[in-house]
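Chemist: For A:1-11, A:34-47, the entry in TrEMBL reads compositional bias 'Basic and acidic residues'. Feature annotation from TrEMBL assigns region 'Disordered' to A:1-47. What TrEMBL records for A:12-26 is compositional bias 'Acidic residues'. Taken from TrEMBL, the feature domain 'Nrap protein' covers A:173-311, A:317-458, A:464-623, A:655-845, A:851-1003, A:1005-1135.
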Amino acid sequence: MGIKRQHTEVEHGEDDDNEIEEDEDILANLSAAHQREVTGEPAKKLTKKEREKLYKEPTVEELKQMKETENLFHSNLFRLQISEVLKEVTLKDKHKKYAHNLIDNLKEMILDIPASEQIRLTDTQWFLKQKVKVPIYQPDDDNKGQFQYLPPSSICVVGSYSTNTVVKPHSVIDLLVEMPKGCISEKDNFNHRLFRKRALYLTYVAAKLNKTTLCQAMKFTYQHGNHLKPILNLNVQGRSINVNIIVCLPHNTYKLETFNVNICNINVKWYKEITQAESKDDVRLKPTPYSNMAILEDLTQKTNTEYIENILADLPAFQDGIKLLKIWLRQRELDMGYGYFSSYIMTMYVMYLLSQRLLNKMMSSYQVFRSTLIYLARNDWCVKAPSLFKIKKSLNEKSSEFNMKSVFDVVFLDVTGHYNLAYTLNKAVYQRVLHEAKLSADYFTTKPNDAFDLLLMTSVAFDRKFDYCFHVDNLKSIQEHGDTLGGLDKLIDNGGNYVYAYLTSILDVLEKALDKRILLIQPRSLPTPTWNIDEDCSNYNDINCITIGLLVDTFMSTKSVEKGPTADSSEAREFREFWGEVSELRRFQDGSICEAIVWSKGSTFRKKRLVISKIIPYVLKKYAGIDLEDIRYMGEEFDVPLHIPFPKQIDQPIYGTGEEQHMSVIHTFDGIKKSLRGLSDMPLRINNIQGIHPVFRFTDVFPVMALNQFKETKKVNDHYYPTRSLVAPAYQPTLPVTCILEGSGKWPDDIEAVKRLKAAIYIKISKDLSLDKSLKVILQPTHIDIFKNGFVFRIKIYALRELSIMKAFVTKTGVLSVQNNQKSFQFEKDVIALPKLSSTIHGIYQQHNTMCSAVRLAKRWTSAQLLSNHVPDIVIELIVCYIYLSPAPYTKPGSPGSAFLRFLQLLSSFDWRNYPLMVDLNTEFTAEDLVDIPARFNKEREKFPLMFISTPMDKWSSYWTKDQPSAMILNRLALLAKESLHVLQTQVLQPQSNDDIKEVFRPPLDSYDVVIYLQANQVPRYYQSIDYPKDKPIPTLRSTDDQIFPVIDFDPVVKYVKELEEIYADRALFFYDQYGGTCIGVLWKPRLFQKRDFKVPNLLMSKPSTRGSEIVLEFNLQAVLEDFKVLGTNLVDKVEVKTQPKTDV
Amino acid sequence: MECLISVKRTHTRKMETSGKTREAVLVKDFTVVPIKFEESSCACHNIYFKEHSLHREDTKPKGRTLFITNIPPYCTTEVLHRLFSQFGNIQAAFFSEDEKPQNKSRRNKIQLKNSFIENISTKGFKTAYVLYRDKNSIVRALKASYDKPFIISTPTQPVLTGLRKWQKEYEVKHTDWNELQEEIDEYMKGYDSSLSKKIEEEKEKEGVADEEGWVTVTKHGKLKPTSRTEVNQRKLTKKDRKKKKERELLNFYTFQIKQEKQDRIAALRQKFEEDKVKIAQMKSARKFKPY
């Protein structure tokens, strides 16, 4: 016990005035060494002194601390991290002091407000004079009754401030102003009269406070987004403190039973518009649970608040634990808005767990946090409702819980047993909380190293969390479909707010319709409106758009046929009724005749992904009367950059977004593999044949099209050649294939001789293969090209022996030793690592069918930012793999779009300086690896490249990022990603009619010094460019069986950029887009325009100039610009200088 | 741009460059001559040249060699010939990267051979040497009057750049089976003979003692020795270490147990220190602001 008390004091000394002291307390007694670290002195080797320090006799204090950390916290680091983040979110003492004064002042002011005269409830004239408007929207009613303002019976602070669980930056102080009993008359519980009085009371307070100078910005808003319950929000000028003034009904005026769930407190007649239409129904009295709960919320507030305060007052660890839980909720955007999981519910749940002895008072903040998440994940409130209500006297009470369950989806009973704390909580939102809690609870064990970041530091934004989302505009039509969605009673009960009333029903129908296709469905929280006190209150009918997110099951969601029950079964009728006219009888392959719906006839991946977008509008139209035009389904947008409208051709798959084309290449490749393996009497067997082009692993942005040029080429001896035409011949890349020969001891020790022998094998292979008439073989000394079905495969063979020859060298002492060098590194990378990685990525693709599009989007984007030659493609592929393999804190992306957004998010925020990116291919990293690699990386940071990606097969060598990208490019990438992410987020969450995803695929050109524009006709891949003119034809591609070898690898743009880079490597950087980009950006290297001394090394690209009387050299800009044109004769259109260089002397 | 006023100026001539009057000079021994791609080009590079004066070499004899630098990348040796032959007979002209004047005969064979060797020639602005047959040509070249900039590509002798050049390059690629086979055979023949020569030599040494009495052992003798590779050596040391470890006793003496405990605490402390450093690092990167 002693130990634990000690701990709480150390951990939670925030009441101490001096924060520095607290800091030192936590960082404990070993501070001498700490100071050294902070001052930045390197501590590489232990000096004798340091050694002594490490080995000195431990003090009792220290042992205690260590033991606590072991017992109460996950790890030392976690403990320190938690204390840091708490420090960040906790209110500072000076702010507290200020807040304290403020509250006292406010209290005094409110108490000083004199009583008013009696006015009629509907009379608003009095308020108009005061320039305030009543913040409640009710139908023009004939509510009788009087209102008189009387000074409040009590004012007290409630909520997070009173329990010391405020979390910055949204720190608000809830000031509860209790109306005196005298304001309430007997029959006020009917027809929302209490809400009106509450609002009037608040308005009166607002009007009076408005005359004081204390508060500058006074606004009305809704309590938890509930439009029946306005509150007043005060913002104090110059301070980040907000005060909410909440008016509350006197707690002992009514018996709580008056507002039980099955009691009716609204007369239908009161809801005027309806009574005229349906006069015959006017006598019915249906229960009004929502309105009742909203009143009970007020009536029970005091009891519940006292309950929390009493418990939490002396449990600082719990206060901190609740703060952590709040951060967790907010990172997931779950605590704001109507129908959401407020932090109040969370606090109550912690109380509940404590009352059930599932938590105990000894626990540390970390344990409270962790255990609460675990219990949250394990218990479904929809099945077993938690309850803070202790004494179950009779069956009666139980039945009240039962009644609750029949009305509300989610139930959480409060201390009194009458009030459902979760009465507004939307079931879909609760499911999301459950889902997140399940994910999070696992991180403690599965990802112990990253848990802190994943749980508390990473925001799980709506657009990245959900695979697809759609927006429904123009919700008015829901009103007319009230009958199918829950009836008039619900509408009345919700005070006429049809969105709140019917949203749950709409979600239920959608969930039923989408069934197994989705894993989760959740509406996005509607922003709670705020408005100035002299403005009209916001009308709930103004809510004109709801956003719903879907998490899909990637395999089920793409099924284009919905198979129902067999025709003769009893469920068939129900099925037909639910789906209506789209359901029809179909005979299936297994002979059964079933009810079924065919949503899509196309078979491309692109079409399949859109099946859901067909179901949703149908269901919404049928059940809620929402028109197709009012639904905007976000998902198709991300296919646009990958889609090329190729004309349909015989023997060719429809292009769609290109997935199918990959397959057709691989199919041809399989044939070639077979031919190669079938070669007889080869001197050595071919052990391994692996295609290393992206197309073989489904990651080629625009997969190779089968092709045989006949346009813009000339034919000489069964070869096509480029001609001097004005249009470039179509581009056909060769597809590299690596073949590894079986091992043999007979290879010579001389690398040149090995090359000759390999050439001899090439001759043999090409002689053998040319007997096959379906393909054409072209021999080169270093490889062979095979032309088949319109694709060209470039075969290179290797013997592993080559590697040992490259590495071998004889040391001075005569020992034969191996040493890595540039050549061997390149060999390992190209011949061993790349084929292996290729097949692994192919394997990952087979598990995640959306990855193909996601990788290609990411690559397309990177290239579109003109970074084709600065970021290796394989790096982008690895990053996208990471997003699929380590999706935490999300789940695996189920759409290319969500994966792409997460990719941008990662690029924009990843801290490459301090962390390695651990891509756990095939989950082969061991637990030690996950600790050791980052640790060693941190220790020996300089030894690793700027961007360090580690995979289980390539833990340390970082083959792919060794040379590129540079620091500048990495920064630029992050910046561009941030911009693009921002644009896309807005497009996904608040779509406008003129939105265009292409916007983020257009490079900004203003940051370059010079831009070289190319002639589009000479850019062979121009048709792939993002803004290819619609009226221009796509170059016809034709697959023929004729034997003329096409023009291969002939892309003038690539050649041009390569030449520029070779010539001007140390003067400028060049940026281009390999996918049909028609401009090249040039950035001069820094200090290029400085004048230099007249010395031989400085002569290149210079012209003489003067500095005073001295002759010096300066960069010959004009001539170099002229060179750009000369080197790209017939390709370059114009060279434009964007920024005039400053010549500094 | 009237810019070059120099103490070292020895020689001044007027010349026309893109409509402006400009003085070409000798700056610090270098003659500066503007050069442009074709008649219609509007901007000029400057090439700098002087007599090659560094140590004597066979390929660059003193007094007859011109050292030229800042030659634009599209300039070929043919162009150099054309530009500098106006001052006298040229024996050879070559870029410093290539060093040796190219042998034009058997070009096809050389190309084949080159295709086995990775292309390492650097592109960019080049430096070249021009060897005159006659010493006077140097003087003429340095003292000639450069009224007009040099033109690299003329209508009669065009230099290909850009698209045309790449098209031409594309057309050259071709390999004949027989020629390739011939080249391979030739090379392997040479390789085999040098290899057998080496084996002969080793065999000769086998078993023969030198002056101090050391006997060379090669793999061609009767008793084949283990080869001296790193792997084999490592194996040996590993064995030694293993043996040593087996002899040690662990957790046996009190001091060992105590030591172990101390080590554990020290390790914990060490880790604590490291964690603090990490936290300080994250703090400075503002890692703890949740949103």
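Including glycine, each Cβ sits where the backbone N, Cα and C put it.
Whatever TrEMBL says is automated annotation, not expert-curated.
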Chemist: Are the domain 'Nrap protein' (A:173-311) and the domain 'Nrap protein' (A:464-623) close enough to be called in contact, which here means at least 3 C-beta pairs under 8 A that are separated by 6 or more residues?
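Modeler: Output yes: the domain 'Nrap protein' (A:173-311) sits against the domain 'Nrap protein' (A:464-623).
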Chemist: Can you give the mean pLDDT for the domain 'Nrap protein' (A:655-845), rounded to a whole number?
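Modeler: Reported value for the domain 'Nrap protein' (A:655-845) is a mean pLDDT of 85.
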Chemist: Could you break down the residues of the domain 'Nrap protein' (A:317-458) into DSSP helix, strand and coil, giving a count for each?
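Modeler: Computed counts for the domain 'Nrap protein' (A:317-458) are 82 helix, 3 strand, 57 coil.
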Chemist: Could you tell me how many residues in the domain 'Nrap protein' (A:173-311) are helical, how many are strand and how many are coil under DSSP?
Modeler: 63 helix, 30 strand, 46 coil
Chemist: As a quick check of your reading of DSSP, tell me how many residues in the domain 'Nrap protein' (A:1005-1135) are helical, how many are strand and how many are coil.
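Modeler: Residue counts in helix, strand and coil order: 33 helix, 35 strand, 63 coil.
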